[in-house]
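A.B. asks: OK, TrEMBL features for this one:
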- 9-154: domain 'N-acetyltransferase' (DOMAIN)
- 110: active site, proton acceptor (ACT_SITE)
- 115: acetyl-CoA binding site (BINDING)
- 122: active site, proton donor (ACT_SITE)
């Protein structure tokens, strides 16, 4: 069953004033979270940094890098208390829409193989495993590989008005 997020869910550009809440969500969701400095660098670099709000409160965030006809989803996070309600699917769909706006032909991401919920979500959206990065992520006992996933995006001309449901 797919749960559709509330109509009160909106996506907007991340601001530096959001970083405290973004970090609270990041720390709650991940054992090895990004630092506030990484988010600041992404904002300064001009990456697509977004927050997902529900009823005016930040419940998630995503970071998208674009260039040379490709996009890379660098970070996706939904606050744990809001997970399992379709918000991650909605956020990823909007990141894919942003990539399409930049006329990207392929979008990439990395995910921990141990994060089965995320792997299944990405596969259900249309991402496919294309490789692995050995020792990519820190882990409690050493390092964990990353599954590299990609999705081909059709040229905008061949998909008029098509947006990813979510």
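Backbone N, Cα and C atoms are what each Cβ position is placed from, and that goes for glycine too.
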A.B. asks: Taking the Cα atoms as reference points, how far is the residue listed as 'active site, proton donor' from residue 110 (active site, proton acceptor) in Å?
C.D. replies: 10
A.B. asks: Kindly report the helix/strand/coil residue split of the domain 'N-acetyltransferase' (9-154) according to DSSP, in that order.
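C.D. replies: Split into helix, strand and coil, the domain 'N-acetyltransferase' (9-154) gives 52 helix, 61 strand, 33 coil.
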A.B. asks: Within 10 Å of the Cβ of residue 110 (active site, proton acceptor), how many other Cβ atoms can you find? Include all protein chains, please.
C.D. replies: 17
A.B. asks: In sequence order, which same-chain residues at least six apart have a C-beta under 8 angstroms from residue 115 (acetyl-CoA binding site)?
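C.D. replies: For residue 115 (acetyl-CoA binding site), no residue qualifies.
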